[in-house]
Structures are given as C-alpha cells and as structure tokens.
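Below is the structure I would like to discuss, written out as structure tokens.
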Amino acid sequence: MLKIILPTIMLLPMALLSPQKFLWTNTTSYSLMIALISLQWLTPTYYPHKNLTQWTGIDQISAPLLTLSCWLLPLMIMASQNHLQHEPPTRKRIFIVSLITIQPFIILAFSTTELMLFYISFEATLIPTLILITRWGNQPERLSAGIYLLFYTLISSLPLLVAVLHLHTQTGTLHLMMLELSHPTLTNSWSNLLSSLALLTAFMVKAPLYGLHLWLPKAHVEAPIAGSMLLAALLLKLGGYGIMRITMLMYPLPNNLHYPFLALALWGALMTSSICLRQTDLKSLIAYSSVSHMGLVIAASMIQTYWSFAGAMILMISHGLTSSMLFCLANTNYERTHSRILLLTRGLQPLLPLMSTWWLAANLTNMALPPTTNLMAELTIMIALFNWSAFTIILTGIATLLTASYTLYMLLMTQRGSLPAHITSIQNSNTREHLLMTLHITPLLLLILKPQLISGILS
C-alpha cells in the first residue's frame, strides 16, 4: 500500500523542484510509473483482503477503483499541457500540485478499512477539486459552479458525519471488518432509519442521484479538462463505492428506504438520457450522460445481490474510462474552435480524420456496443433488476434506447454535416492527444478479454 502512496506524495516535491524544461516530462513519466506499479493490485486472490495494514486494505471492490485512480493521474497531466502553455511557470506548478494532492486522498478513500478515515479523505478530495474548478475554469460562471459543488457536498456530508459518530456509539468501533462481524440490532426504530438515510444521502449526492445532481453539469461544464476527467472518472465513483460499502454494512436496509432511491435512480437514468437529446453544449451532454450511467450503478447497488454488485463494479470502471475519454475529445475540439456549442463545432471529420476515429471508438463504448465491458455491465444490471422486479425492464430498456440515440446524435453533430463558415484554418491533432486517447481506450479493449478483474468477484 505504502509503495504507491509514498511515491505519489513524493510527486509533490518533484513538481515543485523540477527544472522548467522537464516539468511535464518528469511528472508524467513518474506518475505513469506509479500507474504501472498499481496494476499489480488487480492480481486475483482468494483472501478477502490484499496488502492489509492496520487502517488500509484492498479487497475485490476497491482494487479496480484504486488502479483506475492511479491510471488517470498521468492522463490528466497529459491532457492539461495545452491549455496551460501560456501560463507562468509558478501557476503550472501549482496546477500540477493540486492535481497530485487529490491523489493520496482518493487512494486512501478507496482503500481504507476505517469509516472515520474514509469520511476525512472523502471530504478532503473536495478542496483541490474546488481549487481546480474556481481557478482554472474557462468562464466567470465557474465561481457559481464551485459554490454549488461545495454546498451540495457539505450539506449532504454533515449528516454522514453524525451517522458515523452514532454508529460508533452504538457498536464501539468503526473498523469495517469489526462492523461486519458485529450484528447491529435489527430494529426498525426511527434512529436506525434516519442513520441509514444519512449514511446513504452523502453518497447519493456524490454519485449523483437524479434530483441531487444539479451541481454536476455546472461543475463539469466550467471545470478545466483535468477537473472534468477527475470528476467523471473518480469522484463520481467515490459515491458509488460508498453506497456499495455502506449497504453491505448496514443492517438489512428497511425496504421503504430502498424504493425512493431505486425509483429515482431508474427514472433519473431515463430523464437525463432524454435531457441529453436536447443539449446544445457538448460538455453538458457528456455530464448528463454520466448521471444516467451512475443511476444504473445506484439502482444496482441498492438491491444488494451478487450479480448487481458485479454489474455496478464493471459499469463504474468502464464508465470512468469512457466518459474521461469523451471529455478529452470534447476538449480537443474546444481548444481548436474555442466553443462547446454543438452547432459551431460540427463537421470536423474531413479536417481531423484520425480524431474522428477516436470519436467513433469512444461513442461506441459509451452506447455499450456488444463486445465492450459497458454492455456486459448494463446487461448484468438489467438482469439483476428484472429479477428483483419485472417492471424495471421498461425503464432500463427505454434508458438504453435513449443512450444509444443521444450518443449517435453527439457523434453525428460533431463529425458529420457541413463545416461552419467561421472555421477557416484548424490546428492538426498531435501525438500527445493520440497517446492520450490510446491510453484511455487500450484498458477498455483489454478488459473485454478478462472482465473478472474488475467485476469484484473472486476469480
């Protein structure tokens, strides 16, 4: 565990002390080395926990998410090079430092076996994200987006703190393994109901559940590219991971607590997919598609069956890579045309033919084309939900149809059609961007061959 956390922390002095000429090279290559070392967490094992220390332990649910978070740090650094090239050196360093600061907190949040440490690292990821959005966003609205993010997260996480302390007074420990062993009293008392609600709400806001999702499109649209990748690929997964962890812990949740969350998640998947069909803003469209995918994850982790947990895990990982790649592609368009409006950036296929290949690949994985892990996850979740209640097939079926339609809409709007008159010359796509896309799509294609690695099932 420490052999990843310590090098990640030592990235900070490296970012601060590297000579200006080698700043990007050093940080990218070093973080890529850490990412490659972190791949060993994926090795299957029959023990419930790998690398167990006193406060941290990696099990089948957290290993894929940990590897994903280590994998995305070099990609975020690579994606940010272009829009920081005109900034003074000090600001570049501060930007890289704030990116690196989030990393240990995310690693801790995913690997901790103690609820209080989980709460602290879960909240600590908020501060660097806020700095990224409010300082390096593109437009003045970034301040209101930051305020939305801050208050949504804070208001939802105060009850979480109270519920964690209440759990501690009840059971005398916050260690996950001890909590699994101690059987809390199965009462339907108000305090139990409210503490379950409080434990879930914070993660529902982070995941985000439809209805509590209003901060997400704002934050995504205003964030710089690294901020968008971070939000889509990692911070949303913190919510899903928290729900899976807590629902496994809690005394069987009272049924009447399940229903509103399940109904909202499935209805939200349908609603946000249909919102996507009438978006004019490219980043906003991708952000809403994240909400609909995470709705499926929430619904799956609420019914707590073996299949649904496996489906939720696979969907979280594959959605993390896919949506991150889509944000990178949207950013390459934005850097060339300086506009996110779909009408103004259409018809780019003749100009950037290789980029449109990446667009096609990303969109096909996003709409769950058969061999991809996205399809496997969605099918697993739909079967698990159908088994729980046959009615859900209507909602999930329509949501899948809408997902396919808005994805194709996005592909056709950006790549096909006549070129707008104001685009006269456009900068070529460069090696850095192609490498970035390759590093996103390669794990997705390789995971098709062995999805057990990310399914959370002992293989």
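Backbone N, Cα and C atoms are what each Cβ position is placed from, and that goes for glycine too.
Sharing the features that TrEMBL gives for it:
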{"type": "DOMAIN", "residues": "1-109", "note": "domain 'NADH:ubiquinone oxidoreductase chain 4 N-terminal'"}
{"type": "DOMAIN", "residues": "113-403", "note": "domain 'NADH:quinone oxidoreductase/Mrp antiporter transmembrane'"}
{"type": "TRANSMEM", "residues": "21-41", "note": "transmembrane segment"}
{"type": "TRANSMEM", "residues": "61-81", "note": "transmembrane segment"}
{"type": "TRANSMEM", "residues": "93-110", "note": "transmembrane segment"}
{"type": "TRANSMEM", "residues": "116-133", "note": "transmembrane segment"}
{"type": "TRANSMEM", "residues": "145-169", "note": "transmembrane segment"}
{"type": "TRANSMEM", "residues": "189-209", "note": "transmembrane segment"}
{"type": "TRANSMEM", "residues": "230-251", "note": "transmembrane segment"}
{"type": "TRANSMEM", "residues": "257-278", "note": "transmembrane segment"}
{"type": "TRANSMEM", "residues": "285-303", "note": "transmembrane segment"}
{"type": "TRANSMEM", "residues": "309-329", "note": "transmembrane segment"}
{"type": "TRANSMEM", "residues": "341-361", "note": "transmembrane segment"}
{"type": "TRANSMEM", "residues": "381-414", "note": "transmembrane segment"}
Are the transmembrane segment (230-251) and the transmembrane segment (93-110) close enough that 3 or more Cβ pairs fall under 8 Å, when only pairs 6 or more apart in sequence count?
yes
Which residues, given as numbers and ranges, are at least 6 beyond the ends of the transmembrane segment (116-133) yet have a Cβ under 8 Å from it?
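For the transmembrane segment (116-133), the sequence-distant neighbours (Cβ-Cβ under 8 Å, at least 6 residues beyond its ends) are 55, 95, 98-99, 101-102, 105-106, 108-109, 142, 145-146, 149-150, 153-154, 157, 160-161, 164, 168, 174, 202, 206, 219, 222-224, 226-227, 230-231, 235, 238, 242, 245.
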Check for me, if you would, whether the transmembrane segment (61-81) reaches the transmembrane segment (189-209) - at least 3 Cβ pairs under 8 Å, residues 6 or more apart in sequence.
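Since fewer than 3 Cβ pairs under 8 Å link them, the transmembrane segment (61-81) and the transmembrane segment (189-209) do not come into contact.
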Looking at the transmembrane segment (285-303) and the transmembrane segment (230-251), are there 3+ C-beta pairs under 8 A, with each pair at least 6 apart in sequence?
yes
Counting each residue once, how many in the domain 'NADH:ubiquinone oxidoreductase chain 4 N-terminal' (1-109) are helix, strand and coil under DSSP?
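Output for the domain 'NADH:ubiquinone oxidoreductase chain 4 N-terminal' (1-109) reads 81 helix, 3 strand, 25 coil.
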Is it the case that the transmembrane segment (230-251) and the transmembrane segment (189-209) have 3 or more CB pairs under 8 Å, with pairs at least 6 apart in sequence?
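The answer is yes, given that the two segments have at least 3 Cβ pairs within the 8 Å cut-off.
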Would you confirm whether the transmembrane segment (257-278) and the transmembrane segment (381-414) meet the contact rule of 3 or more C-beta pairs below 8 angstroms, pairs 6 or more apart in sequence?
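Since 3 or more Cβ pairs under 8 Å link them, the transmembrane segment (257-278) and the transmembrane segment (381-414) do come into contact.
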State the residues, same chain only, that lie 6 or more residues beyond the ends of the transmembrane segment (145-169) and have a CB under 8 A from a CB inside it; answer 'none' if no residue qualifies.
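Beyond its ends, the transmembrane segment (145-169) has Cβ neighbours at 115-116, 119, 122-123, 126, 129-130, 133-134, 137, 179, 191, 194-199, 201-206, 212, 214-215, 218-219, 221-223.
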